[in-house]
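K.L.:
Straight from TrEMBL, here's the annotation block:
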- 9-35: compositional bias 'Acidic residues' (COMPBIAS)
- 41-51: compositional bias 'Basic residues' (COMPBIAS)
- 70-86: compositional bias 'Basic residues' (COMPBIAS)
- 201-278: domain 'TFIIS N-terminal' (DOMAIN)
- 1-105: region 'Disordered' (REGION)
Amino acid sequence: MDKEKELEEIFGNDADELSDALEEFSDFENASSEDDEKKPPAKLKQKRSPLRHTPERDRDDDEYVPAVSNKRRRKTNESRKRRKRHERVENAGDLDDDESGNVEPSLAPLMASKAFVDRDFDEILPKRKGRSKKNDDELDKMYDGQAAKVYQRMMEAGEKDITQNARGVHSSEKNQILSWVMDKLEKAYLREFLLEHHILDAIKLWLEPLPDRSLPSHNIQEDLLKSLNDFNITTDHLLSSKVGRIVYFYTKSPRININIQRQAQQLVDKWAGPINGESSNYREKIMRMVHDANSGAPLPVAGTFDTIPTIRSGKRDDPYKNIKKTMARLKRTGKNGK
């Protein structure tokens, strides 16, 4: 379906891969591992004892000195290295806090600052308990029931007003439950379930003129058009519900208030944008508008100096300085409150 037919259906007649590189890398890894397996382990050279070749009968008791084993020395050096690494980690975690909340770490200033901030976050923020899958299923079931009830009541009220109007009797069922309906439509967690229950069909029924060609009240028009702007409506929703046709009617009818017409026109532009290849991102729209406005203007002449300041970070700069001050203030506030 091309763009013109799709717009007409919605609004009416007036509307590089890395697989090879990864395989080569894996082959190189396998080859290197196979080569390592084929190579025998290198033998460690041991120091010979100075008395190794001296016969026992020629040795004197005073001259005998037992050879010192290298294994003992190697183990001692390894344990000493592990102990030093452990001390460095502990020193990085032990920070001296002063009254202003500043921290003076002995080693690795950035890592120590980050650890300080993370620890304060864990102390201040409450721990959240995860929801189980059973609770999620129960919530989905409850929301699904609420959405079905909203759709049913809206359809019943709209059909009753149509029936009474055809008989020449005034009816205001829609106005009576309008506040209740809007309370449900404004709940963000219900909108996905409402779309699944074809809430757009009910909104279309409420916005359509009655058999005597009278329009719904101004409150119904304004509130429902506003709620349509909050829903995440796709092209498939528009094609199945045909709500775009009644909204497009509100942009053309002379009996519609000018503010209502603007609301309807914004919806039409929003829904027609993806079909025309336009992005719905507000930032991209603003950038495109600025580019279009300045496309024909001459560019300013560049000066002989650099207008952008250059930021140079020294050794004493701490990116977590402001966060640590805020944490210290929050901790003091919490203690005073208790």
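Placement of Cβ uses the backbone N, Cα and C atoms for every residue, glycine included.
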K.L.:
Tell me, roughly as an integer, the mean pLDDT over the domain 'TFIIS N-terminal' (201-278).
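P.N.:
The average pLDDT of the model in the domain 'TFIIS N-terminal' (201-278) works out to 91.
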K.L.:
Can you count helix, strand and coil residues in the domain 'TFIIS N-terminal' (201-278) using DSSP?
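P.N.:
Taking the domain 'TFIIS N-terminal' (201-278) as a whole: 55 helix, 0 strand, 23 coil.
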